[in-house]
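Taken verbatim from TrEMBL:
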- 1-110: domain 'C2' (DOMAIN)
- 137-203: region 'Disordered' (REGION)
- 144-203: compositional bias 'Basic and acidic residues' (COMPBIAS)
- 198-318: domain 'C2' (DOMAIN)
- 471-598: domain 'C2' (DOMAIN)
- 742-771: transmembrane segment (TRANSMEM)
Amino acid sequence: MAEGAGRKLMVEVCNAKNLMPKDGQGTASAYAIVDFDGQRRRTKTKSRDLNPQWDEKLEFIVHDKDSMPSETLEVNIYNDKRTGKRSTFLGKVKISGSTFVKSGSEAIVYYPLEKRSVFSQIKGELGLKVWYVEDDPPETENAGEEKAESAPAAEEKPPEKEKKEDENKPKEESKEEEKPKEEAPEAAADREAKAAEGKARDRSCSAYDLVDRMPFLYVRVVKAKRPKPETGSTVYSKLVIGTHSVKTRSESEGKDWDQVFAFDKEGLNSTSLEISVWSEEVKEGDEKSESSLGTVSFDLQEVPKRVPPDSPLAPQWYTLESETSPGNDVMLAVWIGTQADEAFQEAWQSDSGGLIPETRAKVYLSPKLWLSSARPGSANPTWNEDLVFVAAEPFEPFLVVTVEDVSNSKTVGHAKLHVASIERRTDDRTDPKSRWFNLSSEDESNSYTGRIHVRVCLEGGYHVIDETAHVTSDVRASAKQLAKPPIGLLEVGIRGAANLLPVKTNDGTRGTTDAYVVAKYGPKWVRTRTIMDRFNPRWNEQYTWDVFDPCTVLTIGVFDNGRYKRGEDGEPNRDCRVGKVRVRLSTLDTNRVYVNSYSLVVLLPSGAKRMGEIEIAVRFSCSSWLSLMQAYASPILPRMHYVRPFGPAQQDILRQTAMKIVTARLARSEPALGQEVVQFMLDSDTHVWSMRRSKANWFRVVGCLSRVATLLGWVDGIRTWVHPPTTVLALFSWRDPRATGLFAVLCLVMSLLFYAVPFRGFVLVAGFYYLRHPRFRDDMPSIPANFFRRLPSFSDQIM
């Protein structure tokens, strides 16, 4: 218990709305019971209120920080039986531990109440705030825990003793759920650790099953020793394999090198490895003298092979052969492995230029973007305008509101709002609180210039779009509380490229390409290592992403690395674009491996140019088939986009702003992901004027004007549904097999209904549904509309 006392889970039960009456008089006296990790807390009873307001904070101890994301917080709403005789259950809410946020990021979230069984009559919503705080364990830790464990036992009593038998059933169920958790927590932790270890082992075994295994010769040089060390001298080791020659860093005697070198075995032109140790001494006049301490050789045919998950090869002492200074030893290990070896990522790599940071494989994360909504207003003058900004975590310190005089363009005053203290909300059910701020002036003699009334909040219910709408890769809301569990796993194997065209010259003599790949899906960006001076590079790297929506797009781009070299002005050169490929997940069958080569095409002022081919392997694994099918009936974007939508012009401005923020943040990484790379992946130049686009649009207009009669006939055909839209044609081409399957099953069911039910019945039901009361209408799009919008169009096949 002492270890788990470092974190506490705070649950604020705010209110409930539109509860089901349970007392027989049109009301209900509700109270909430909250369960988490074998702990139970209870709120007060709000008598005869269908919209109770509790505003009570409950505290829970997190016993294991690592297992908190796998825990579940359950809130049950009951009716106090002192006011009625009917069933006491009013609904429940289950919240996954992966959605818990840290203190300072909490916001009220309204969860729909769930049924306990199919026949339960439940309705309403429950407003909760859930967050966790880090707390140092106090000295009186044991006493505090005993009180925390004894309090739930006292609170589990029913509202009235004489009616105890009415609540025996739900209490027994809760006790049965608590017993396994409190019975043996150590055994449960051991089982979870073993399960996690097994999953990690399985993941490591399948981490490179979509790509080819590339053999590498690994050399780990640890240290050297000699019988009589000399003071003031440094030693280094030198490795020679044919034309490959590389040195370790120079260290003083007694210190370790502990460096790993990885040589691409296919690029070796020798069958022997020679390792020598050299000593450096600095003489008068800054002159250096080097002397060999000995050499040890290895036959590559005798080098052992190692394949993970085998244990790493232990280094051994080898005697250096030398005629001048005998008795010297070097500790090293030599083995043949693959790119799946643990030492590969930090090793010196022969095919990517060594230890150059700009050529290494890296993973980047886009910043989490929020919408900041501000409405300034005051008694005189009054604006009442909503201003929307894009904010990225970590936030800037202040939001500055400046009041200016339009007549003379002078600043009246300004106010600074601390962004960390701005209220966050996840929906439109609650309005942010307005606040008064003093306006300060730069003039020291008159620092106070009035006050301004501002209502500001961080909108977490929107998804900030930073990509083109029809090729987006993430549609989740900004608030973590609204996150849903993933429905599958996307695995991408970047195998290699072929027939790449040279994009630059090497020392002005011949063309060359230093290619690397960038893949983006959701907020995760991956960058492969750079293969130097090859037109047919082989990367064979594999990456994974969690999938939250099947109707998203994976973007893969190929670039030529120019940043590892500096220009004449000392600034790094720009990376050249080679081509881009997009894969729509809805067109992939689940649990099937696709290995294909795709053409790399780049748009130039003169037109499209083919730059080569890229070979990739893609697999979309589904973890929950039911969740995958439900995604086709749900809206694409979060609820706030439909309840309080933005206009097209404002959406475009916010998207361009989000692109600039993401580009600036990734450019500050080390090594940086270039601005030109991010802009090419996000299609940030779609709104820029282009001569090629203008010509294409002009020829389209000419073609339309020359065929007015054909256009009118085509429009009439669309009006009469003679030619259905191309999106509907995707149903018959099986581009999205799951959507076509759902449509076929629906057609079969509807045909049976039309056969069994008279036509007058359908007309009657359709009329009642169309004229239904606004109370039964919803702001969200209908299921057929959601299904139609998710169908892939034929526009993907243009290029």
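Residue positions begin at 1 at the first shown residue.
Any Cβ shown, glycine's included, is placed from N, Cα and C.
Automatic prediction, not curation, is the source of TrEMBL annotations.
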Item to check | Residue counts (helix, strand, coil, in that order) that DSSP gives for the domain 'C2' (1-110) | outcome: 12 helix, 52 strand, 46 coil
Item to check | Same-chain residue ranges lying at least 6 outside the transmembrane segment (742-771) that approach it to Cβ under 8 Å | outcome: 629, 632, 731, 787
Checklist outcome for this item: Model confidence over the domain 'C2' (1-110), as mean pLDDT, sits at 85
